[in-house]
Amino acid sequence: MNRTLSFSILTALIVFLIGPFLIIVAASLSAGDTLAFPPQGLSLRWIVKVFTVESFRDSFIMSMILAVGGTFVALLLGVPAAYALSRYKLPFGEAVSTVVTLPIIVPGIIVGLALLRYLVVPFSFSIGVALFLAHTALVLPYTVRVVSSSFNNLRSDMEEAAVLLGATRLGAFFMVVLPNIRAGILAAFILGFVTSFNQVPVSLFLSGPGVRTLPIDMLSYMETTYDPSVAALSALLALMSIGIVFLAERFLGFSRYV
Amino acid sequence: MFQNRAEALALALPAAVFATVIFLVPVVIVLAEGFRSPAGWTFSAYTNFFSEPLNRLVLVRTFKLGIAVTVVSAIIGYAAAFAIVNLSASGKGRMIGLISLPLMISPVARTYAWIVILGRTGIVNQALQAVGLSDEPIRLLFTETAVFIGLLQLFLPLMILSLISALENMPKDAILAARVLGANWFQVFWKVILPLTREGLVVGGTLVFTGSLTAYITPAILGGSKVLMLETLLFQRVTVANDFVSASVIAFILIAMCFAANLLLKRLATARNKR
């Protein structure tokens, strides 16, 4: 392929993929009252406003709790399961791996609806708890997948050697295996965090008074208001994601795991 | 490989039970609801659903948009992936970084940008009026085109990344050999590149297709109630009409389509490995 052609293809591609994001950043710096590009004057008022909107603050905290807590629980469930799948002759191994990775294939909106109708309503579960469980189930496949590949890349004679040298099985796991897959677990955590934090369909039906994730809050805000605050919030969230990915790439070569 | 079965089960069971109780069982009950009536098992929910013209329209539209986004992203994807694998190592790394970046950004934020671009006073309308192509703003938002553009931007990176890894695994001399033997570029693509990168195309295609079928945010923001897709229709049926039976039918259609796409993926991937 000749150089000019390849250069123009890639330029057009980057404009299409990244351009809209830059426009959002520009629009969020506007001094005007409505969403517009080019921005009407420059100011930080909308960026500042984002931090003063109470519902954004509450839903941000909610999303953080779901993303951090849900991913943590998913790791507690997923790491042992991944270990069993890669190191043991597990009875019904195929079925186990299918059921834990299924939530990736089934659309989230259906999971949300199912939990609302058959967990929240009949057992008077709180919506917040159901939302937490739904986010955990959603993240579980990612943790199992990423951590499994770490286990598979780690030679199993290491823990066998540790056991032969007198360590207990549990001791061998915590002192030999875990330190070696630390990067994989961190990668799974970041992937799970981002997936949960950006997730919308699962949370659609699992919203109630005081229980609302940030993306859902943004969707309902933009339905009623046409000011640049959602743009400002979008820009801030994007910067947060970029920061996380940048740090992850810097410190563990994140892209190897995803 | 350890042999202790009890230990293995104790490790794997919590995750399996969790996924079964929190996810599998409720979803299966939702799906079963579409086949139940006071009189017993029935398909009446399905015949009712398909007799409604709006529902048929939404189903066809969802399928059509899914195919269109997949095909267009494959075409752009090949051109882009081909240009990228021919870059220097550092250039390639930078491009892959730039292409993966949007994947980490909230889809709400990414989709919201198109409102600024395609809206009544958006950039496209400003440009059209400035050049004199149009006297008044054209409605671009809440059209199928807007949803198509939004979906394409959302999922294109997945296709490009799959195709990059497929092209990298392809023997470098294959193209040169075909060229030396007199094939034109069209033949090179059709007879050499396509068969050798089929697996990457199938992986990317499945991700893009199922992603588009099950998209909620893009049709909700850029399509509104004018351009409903299956997920936005499902949401509307439940919130506006409390119609859980139609919701179950839509859920079944969505799951069936996703499973079919994933099965196809597995089939094509293993067919390749056997040879």
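The backbone N, Cα and C atoms fix where each Cβ goes, and this holds for glycine too.
Quantities reported herein were computed from a predicted structural model and do not represent experimental measurements.
For B:59-265, the entry in TrEMBL reads domain 'ABC transmembrane type-1'.
According to TrEMBL, the transmembrane segment annotation covers B:12-32 (among others).
What TrEMBL lists as transmembrane segment is B:65-89 (among others).
Taken from TrEMBL, the feature transmembrane segment covers B:95-119 (among others).
Taken from TrEMBL, the feature transmembrane segment covers B:140-164 (among others).
Per TrEMBL, transmembrane segment is recorded for B:201-224 (among others). Outside the transmembrane segment (B:201-224) by six or more residues, the chain places 62-63, 65-67, 69-70, 73-74, 77, 107-108, 111-112, 114-115, 118, 141-144, 146-147, 149-151, 154-156, 158-163, 166, 194, 230-232, 235, 254, 257-258, 261-262, 264-265, 268-269 with a CB less than 8 A from a CB of the stretch.
Residues 27, 30-34, 45-46, 48-49, 55, 59, 63, 202-203, 206, 209-210, 213-214, 230-231, 233-234, 237-238 of the same chain lie 6 or more positions beyond the ends of the transmembrane segment (B:244-265) yet place their CB under 8 Å from a CB of it. Taken from TrEMBL, the feature transmembrane segment covers B:244-265 (among others).
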At a threshold of under 8 Å on Cβ distances, which of B:12-32, B:95-119, B:140-164 pairs most often with the transmembrane segment (B:65-89)?
B:140-164
Restricting to the same chain and to residues at least six past its boundaries, which positions have a Cβ under 8 Å from a Cβ of the transmembrane segment (B:95-119)?
80, 84, 87, 125, 140-141, 146, 149-150, 153-154, 157-158, 160-161, 164, 217-218, 221-222
